[in-house]
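Below is one structure, written out as structure tokens; comments come after it.
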Amino acid sequence: MDSIRIRGARTHNLKNIDLDLPRDKLIVITGLSGSGKSSLAFDTIYAEGQRRYVESLSAYARQFLSMMEKPDVDTIEGLSPAISIEQKSTSHNPRSTVGTITEVYDYLRLLYARVGTPRCPTHGIPLEAQTVSQMVDTALALDADKRWMLLAPVIRERKGEHVQVFEQLRAQGFVRARVDGEVYDLDAVPPLTLRQKHTIEAVIDRFRPREDIKQRLAESFETALRLGDGIVILVDMDDAKAPEQLFSSRYSCPLCDYSLPELEPRLFSFNSPVGACPTCDGLGVTQVFDPARVVNHPELSLAGGAIRGWDRRNAYYYQMIVSLAKYYGFDPETPWRQLPKSVQNAVLNGSGKDVIPFRYVTERGGKVTREHKFEGILPNLERRYRETESVAVREELSRYIADHPCPDCGGQRLNPSARNVFVADKAIPEITSQAIESALEFFARLKLPGWRGEIAVKIVKEIRERLTFLNDVGLNYLTLDRQADSLSGGEAQRIRLASQIGAGLVGVMYVLDEPSIGLHQRDNERLLGTLTRLRDLGNTVIVVEHDEDAIRAADHILDIGPGAGVHGGDIVAEGTLEQVMKSPRSVTAKYLSGERGIEVPKKRREARDGQWIELKGASGNNLKDVDVRLPVGTFTCVTGVSGSGKSTLINDTFFRIAAMELNGASEQPAPYESIEGLNLFDKVVDIDQSPIGRTPRSNPATYTGLFTPLRDLYSQVPEARSRGYTPGRFSFNVRGGRCEACEGDGMIKVEMHFLPDVYVPCDVCHGKRYNRETLEVLYKGHTIADVLDMTVEDAFKLFENVPVIARKLETLRAVGLDYIKLGQSATTLSGGEAQRVKLSKELSKRDTGSTLYILDEPTTGLHFHDIEQLLDVLHKLVEHGNTVVVIEHNLDVIKTADWLVDLGPEGGAGGGRILVSGTPETVAATKASHTGRFLLPHLKPAKPAATAATAKSTTTKSAAAKPAVAKKAATKAAPPVKTAKTAKKKKTA
């Protein structure tokens, strides 16, 4: 069968569609957000493929596998085994890294165990384990004209007279011993000094190398190894200055007691007690009370609240501070940051050996003096955290705890033995801390001599292949030791994609969800090459995607629409690119052909009243001491290739600083030096694509706050008032008005054990969620259950004359969500829909005109048409006086921005610098910018580019294409191109 035949698909909003999809092709499914793309690709095609595979297993095996709900479809024929690669974060396990997920680390462990050379951590001497035969061969190859002496170390650097040692050697038949470098007959050894360290080595044999003494030498080496605990020393008797030769039957250092068991893969596993660092248990971090969190307000004094709980409002602890101040001679009213470092250290870490007279006031008002050492605030918090049994106290104290790199392993996770095994002079942490691109170069050049090379060849081939796949999907900037929970959804998906190519399966159906997310235009080509490679292996690749390059590269395109939600679920256009472009109903075709498009604004906004936010010295992750200026009251886009430092700069540094100062958040930002301009805002809002609720009870009505005035309205209906109903009566989350048979869910879960659980409508309320009495209260002929089942569009017509409800519905319409139902479960909303629900909630609030909005890739999951609606909303926020900062790769968004900050030039260690700051025209004219190269065709070519030196950033009025030096330092002057600075003193907020 050469096609997948689907008949009567009705999952979610699909309108009973029939279609045939070609097998072994790259199929792109596109359409508006909420039109039914995921319903078809994941909830129908993949769900049925997975269900059939799982049902082929035994009942015993099925109970351990999660099964998807059976899709609402008549028939699907021609299905292959299905593998879904979604944009979910891979793992929240702190032990999971890029290396462990991709299995590269497993091969690295094997490589180091089989061909690694261990070294002594103290002396750096290579530790080579040798057999007796190898030792004998080495001894026979020595100069035959010289005399050699075989020694077995018995005592190494130990104090004592060691009389018993000499007696034992005599009893075993030995005649001579070397004591502290001098050879003596055992009967004539001088008395040793008791309090000095001595080294004693038994003389096992003295010989001239000859072939006929091979057997004698073998026996001598065996005796020496037994006596010397696996170590033998060979000394040239004719040349006292000649270096001694060391032999070892196990990995041990001849100069100290360091020894290593046999090298095995688990020694290099940070998830095994054998290889993990004993201090941090292989996590690479330890949790400690962070001085930066404890001293929350360094600008205040100790008396004024620099350290919460130790100010003048807390009498017991403050009297300690007063006594400390008297002893060390400082004023408790002096701001913390002005106190001497020695005083700060004593307050935080304790008084050490200093005994301080503390004056306490008793409960009855009497005064008493006690002399003792001061514990220190940090040790005090550690002790209280350790000793308390109160959950509340533990939660309160945990606010001051932060993850710090482990003091012993420095974040490398492994114990000293594992960290001191080398392949080509590199230890395993050196490999894993490199970017994948650099690691690939290392293994491409790696050539090991002799038997090591023969063993390593197959292992290195596997490592090289996996690194190549990761490089090909645009993840060259990641490091193998990067924690899995720090990866974005797009990165996690591409890692799984690389693993699948490595698996080399044939005849499989892959279903992918927007693999281009978080990928710069520059890396798109490599990703599309990977997808076509997967197809060419003999697989069917189905991709839900909005990226123009991906749509144009597809063998078969499926456009679902025409609208979203109840207005979608139909096949609008299907076939090759040429066939889809001819479809008059396809919105996608209109955007692809250029008939419709997002316009470049005629004029770009300038910084409001010449005001700027200035962040200096940002140095988190790969940022190179970055200074950045963001104009206030504008729409700013932060761009750059994947891994260039955008999220570190905006999410980890800028947003966290703003959240601490404006919202009172406690999460610490990445290191930076200073920030100015946040006083211009009253709050900061981060609008991401995370779900608006994790339970089916959460819905757009509850999230936006619409449900509260709705319940208030129903409680004011004459029928409700006569019955004494309160707004709580109309909640499906509490007892009273809800149906108790289903507890307000409207559905009953029927457990099917070896089959997927089935949800059936409640047979008491028939899915209405409320009991009969509550449903007897009507507003204009509609029950509250009817209202929750209405679309935003229908509800707006009903409540047009109720301002408090109409305003919230109007904002949902403004963000293009007029098709969703008010009571639709939050878990069924797509990422793009969830983000727009959040935006509508913000729009419905009273506008102060002083809000800072931060969005990370808001176009994820959005069609060209949805992006146009989103941009309308974002620009509306800016027109009201707010400031919007977005991280984005989408060129349609970038070209409409007022200001761009482009990071790069590459990802990982090759990034972390600001290449150019300015209008889109400025960035497009910058040759060093990858973003500029792709942006240029999207800007109107007739108009010259504006320079970064002038803030008159319009597409009509602009200077020459090259960024010039600012001619006037007036308030309207925009910042010059920013680059990383050097050697600055850091602080972490």
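Glycine residues also receive a Cβ, built from the backbone N, Cα and C atoms like all the rest.
These come from TrEMBL:
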BINDING   31-38, 640-647  ATP binding site
COMPBIAS  945-980  compositional bias 'Low complexity'
DOMAIN    356-593  domain 'ABC transporter'
DOMAIN    595-936  domain 'ABC transporter'
REGION    945-989  region 'Disordered'
ZN_FING   253-280  zinc finger
ZN_FING   739-765  zinc finger
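Everything TrEMBL records as a feature, shown here on the structure.
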| residue | record | DSSP (3 states) |
| --- | --- | --- |
| Gly31 | ATP binding site | strand |
| Lys37 | ATP binding site | helix |
| Gly640 | ATP binding site | strand |
| Lys646 | ATP binding site | helix |
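Its own atom aside, the Cβ of Lys646 (ATP binding site) has 25 Cβ atoms within 10 angstroms in the protein chains shown. Other C-beta atoms found within 10 angstroms of the C-beta of Gly31 (ATP binding site) number 30, with every protein chain shown included.
Within the same chain, the residues at least 6 positions away from Ser642 (ATP binding site) whose Cβ sits under 8 Å from its Cβ are Gly474, Leu475, Tyr477, Glu491, Gly518, Leu519, His520, Asp523, Gly907, listed in sequence order. Around the Cβ of Ser644 (ATP binding site), a 10 Å sphere holds 30 further Cβ atoms from the protein chains shown. Outside the zinc finger (739-765), and at least 6 residues removed from its termini, the chain residues within Cβ reach (under 8 Å) are 51, 59, 62-63, 67-70, 696-697, 731-733, 771. The C-beta environment of Lys37 (ATP binding site), restricted to residues of the same chain at least 6 apart in sequence and closer than 8 Å, consists of Ile29, Thr30, Gly31, Val544, Ile560.
Taking a C-beta cut-off of under 8 Å and a sequence gap of six or more, Ser35 (ATP binding site) has these contacts in its own chain: Asn13, Ile560, Gly561, Gly563, Ala564, Gly565, Gly568, Gly569, His863. Long-range Cβ proximity for Ser33 (ATP binding site), meaning a same-chain Cβ under 8 A and a gap of 6 or more residues, is found for Ala564, Ser830, Gly832, Glu833, Gly861, Leu862, His863, Asp866. Long-range Cβ neighbours of Gly640 (ATP binding site) (same chain, at least 6 residues apart, Cβ-Cβ under 8 Å): His520, Lys646, Asp902, Leu903, Gly904, Gly911, Leu915, His930, Thr931. Secondary structure counts, DSSP: the zinc finger (253-280) has 4 helix, 3 strand, 21 coil.
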